[in-house]
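Asker: Heads up, here are the entries from TrEMBL:
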{"type": "DOMAIN", "residues": "18-209", "note": "domain 'Metallo-beta-lactamase'"}
{"type": "BINDING", "residues": "HIS61, HIS63, HIS108, ASP179", "note": "Zn(2+) 1 binding site"}
{"type": "ACT_SITE", "residues": "ASP65", "note": "active site, proton acceptor"}
{"type": "BINDING", "residues": "ASP65, HIS66, ASP179, HIS242", "note": "Zn(2+) 2 binding site"}
Amino acid sequence: MKITMLGTGAALPDPDRGQSAILLTLDDDTHYLFDCGEGATRQMVRANVDPAKVGFVFLTHLHHDHICDYPYFVISSWMLNKTGAPLVLGPKGTRHFVDHLFENGAYHTDYQARSAYPVRQANLEAMRPEVREVSPGPVFDDGRVRISVDWVEHIPRDVCECFGVRVEAEGKVIAFSGDTAPCEAMVRLAQDADLLIHECTFPESFIAHRAKTGVGTYAHTSPTDLGIIASRAGVKSLVATHFGHFDSTSPVIKRAAAKHLPVELMGPHLMDEIVADIRKNYTGPLRLAHDLMRIDL
Ligand SMILES: [Zn+2]
C-alpha cells in the first residue's frame, strides 16, 4: 500500500502546505481518505488520483482544517462522474455537517442548477453520502481494511469528539492521531504500529511562548512528548505532521499571527529543533511530512 500526505499544515492559509488530509491507497488501487482539509481534492489530482475513485472518508474531528475541503471533494467527485454514494465516518455532528451542504443546504443553489443537467442526474447518489457517526472501538471492516478508533484529547468532548485511528490493511498497521494533546489512547492505538502519523503542531519554543503570553489555546503534542509516545508505543516508523505554520516564511502569516505566535522565531530552521526534540526519546525511523509526500508500506 501507499500513503500520500495530501495536506500537512494546520488551521491558517499556508502557501506551502495544505490542511490535514491523508490518502491510503491499497495495492488494488482502493482509496481511503482520512480528513479532508483545504486543498485535499486538488492534491489528489496532483497525486494522480481521481477524486471520483475515493469512496471512503473518515473525519477525525470537525475543526475546519480537517473538513473544509469536503464539500468541494463531493461536488468534484459528482462532476467527475463518481458512481455510488460516498461513505463518511466521523464523530457526532458529522451527519449535521454532511446533511446541510447540498440538497437544502449551503450549496443548494449549485446543486439545483447542476442537477438540472441530464448528465448530472445520472449519478445523483454521489451527492447523497452515507454517514456513520462512530464511537470508540472497531468502526469499519470491508474485508481489506479494518479500522478502530478511540477518543483523543483536543476539543472538549461535549463540543466535538476527536478521534485517533488505528488502521490494519495488507498485514500492516498504521495509526493516525488526528489532533491531540499527548494521551494514553494514542499510545494504545499506535501499539507496535508499522507507521505512526502523529500531529506535531508547534516546536517547544513556540509552546513556551504561548504558555508565557497566555495567548491562544493549546491542545496539541510537543515534539518531546511525541518522541515519548512513539517510543512507548514501540512504533516501527514515525511521520510528524500538522505543522502549525512555524516553518513558514510568508509575510502574510507572520503579520496575521503576531498576536498568538512568536513570529520573530518562525522559519524552516525550526524543523531541526523539532527533530532534535523528538530524538530525545525516539530513535527509530523519522520523517517530517510535506505535502504530497509518499510513504510505501
Ligand atoms: Zn487541526
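Every residue gets a Cβ built from N, Cα and C, even glycine.
These figures come from a predicted structure and were not determined experimentally.
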Asker: Could you measure between HIS108 (Zn(2+) 1 binding site) and HIS66 (Zn(2+) 2 binding site) for me? Cα positions, answer in whole angstrom.
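Answerer: The Cα atom of HIS108 (Zn(2+) 1 binding site) is 22 Å away from the Cα atom of HIS66 (Zn(2+) 2 binding site).
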Asker: Neighbours of the Zn(2+) 2 site ASP65, HIS66, ASP179, HIS242: Cβ within 8 Å of the Cβ centroid, same chain, sequence order.
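Answerer: Nearby residues not in the site list: ALA10, ALA11, GLN19, SER20, ASP35, GLY37, THR60, HIS61, HIS63, GLY178, GLU199.
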Asker: For the domain 'Metallo-beta-lactamase' (18-209), what's the model's average pLDDT?
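Answerer: Mean pLDDT across the domain 'Metallo-beta-lactamase' (18-209) comes out at 96.
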Asker: Taking HIS242 (Zn(2+) 2 binding site) as the reference, which of HIS61, HIS63, ASP179 (the binding-site residues) have a CA within 10 A of its CA?
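Answerer: Of everything listed, what lies within 10 Å of HIS242 (Zn(2+) 2 binding site) (Cα to Cα) is ASP179.
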Asker: Among HIS61, HIS63, ASP65, HIS108, ASP179, which recorded positions lie by ligand 1, judged by Cβ under 6 Å to any atom?
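Answerer: Checking each Cβ against ligand 1, the ones under 6 Å are HIS63, ASP65, ASP179.
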Asker: How many Å lie between the Cα of ASP179 (Zn(2+) 1 binding site) and the Cα of HIS66 (Zn(2+) 2 binding site)?
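Answerer: Spelling it out, the Cα of ASP179 (Zn(2+) 1 binding site) and the Cα of HIS66 (Zn(2+) 2 binding site) are 9 Å apart.
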Asker: Work out the three-state DSSP category of HIS242 (Zn(2+) 2 binding site).
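Answerer: In the DSSP reduction, HIS242 (Zn(2+) 2 binding site) maps to coil.
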Asker: Would you count the other CB atoms within 10 A of the CB of ASP179 (Zn(2+) 1 binding site), including those on all shown protein chains?
Answerer: 25
